[in-house]
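Below: the structure, in structure tokens.
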Amino acid sequence: MTAASMGPVRVAFVVLLALCSRPAVGQNCSGPCRCPDEPAPRCPAGVSLVLDGCGCCRVCAKQLGELCTERDPCDPHKGLFCHFGSPANRKIGVCTAKDGAPCIFGGTVYRSGESFQSSCKYQCTCLDGAVGCMPLCSMDVRLPSPDCPFPRRVKLPGKCCEEWVCDEPKDQTVVGPALAAYRLEDTFGPDPTMIRANCLVQTTEWSACSKTCGMGISTRVTNDNASCRLEKQSRLCMVRPCEADLEENIKKGKKCIRTPKISKPIKFELSGCTSMKTYRAKFCGVCTDGRCCTPHRTTTLPVEFKCPDGEVMKKNMMFIKTCACHYNCPGDNDIFESLYYRKMYGDMA
């Protein structure tokens, strides 16, 4: 091949090299483009396949409430953007919907602020691209008692909401103090100073952590603010570490470890940043008999993270006080149960 004929090839190669090695915009895009050799990832249904924030590789877009960075963008087809908070915090954000973004639910488009009943069990509202639902059925709790040692909810013919029934014990040797029903997390009601004649203060329960192990996100919606405007709030959460083998800590003869003891204080990690303080945190354990262990009482505290470049960011985080192990586990086929939606404060029971 002659030098003249190689001219276009050489130019194309130089252009391609420049595109692949260009520094991308943002803190996490300073290196050259390096994409995995395997084919583009297969995204779950409803999740867009987009170029990362550096314009290099195809990735599954982050969804509402998930953590995002320059390289991990939010789903643009759902009107989401990465909200980084203050200008100084430009590393990690949370995917947030633009004001007034509509919702797509069950193949139907709902306007922001529009309410609808998804089923006989749930009343839902679209808010800036997110659907929040309140249960229409009673969420009361019945714990084991001498006259009803094995309570459980059952679906009765002709009725929408499940009702409590008492089963006779199948095996008398299995009776123990374990809780048989999921109990609502303790939450704080509206600030008395925010109750005004022209504002009905409403706050949803914190949703369950988005991950069963490792760092996740928990969200809620409230209008408990000076402008009485609905806003989404988020906090970090960790139900249990992923690397811990908690089943090894279950005592002989037992089937659960409700709140395993942590041998030493730990530091939390978030996208390469480490908490500035150590924490003797509590985590929820596991069971070997099909029960779930979930947070029962929690509190929210600020945690400061320091990044390798010296930047410090502050994030609210859930801290567990107590856990409960129960059979009322969220169903994989029930989108609302899996998110632990609860009724809003101020609603009629």
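Placement of Cβ uses the backbone N, Cα and C atoms for every residue, glycine included.
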Exercise for review: Identify which of Cys287, Cys292, Cys293, Cys307 is listed by Swiss-Prot as the disulfide partner of Cys329.
Suggested key: Cys292
**Study point:** Cysteine of Cys74, Cys120 paired with Cys95 via disulfide, per Swiss-Prot
**Key:** Cys74
Practice item. Look at the disulfide annotations in Swiss-Prot and name the partner of Cys33 from this list: Cys54, Cys56, Cys57, Cys60. Key: Cys56
Point to revise | Cys35, Cys43, Cys68, Cys82 - which one Swiss-Prot pairs with Cys57 by disulfide | key: Cys35
Practice item. Using the record from Swiss-Prot, pick out the residue from Cys242, Cys307, Cys323, Cys325 that is joined to Cys287 by a disulfide. Key: Cys325
Check your understanding: Given the disulfide-bonded residues Cys29, Cys35, Cys307, Cys329, which one's Cα is the least distant from that of Cys287 (disulfide bond)?
Key -> Cys329
Revision key, fill the gap. With the fewest other Cβ atoms within 10 Å, the residue among the disulfide-bonded residues Cys29, Cys74, Cys284 is Cys29
Point to revise | Rounded inter-Cα distance in Å - Cys29 (disulfide bond), Cys329 (disulfide bond) | key: 41
Review point. Judged by the number of other CB atoms within 10 angstroms, which among Cys56, Cys60 is the least packed of the disulfide-bonded residues?
Key: Cys60
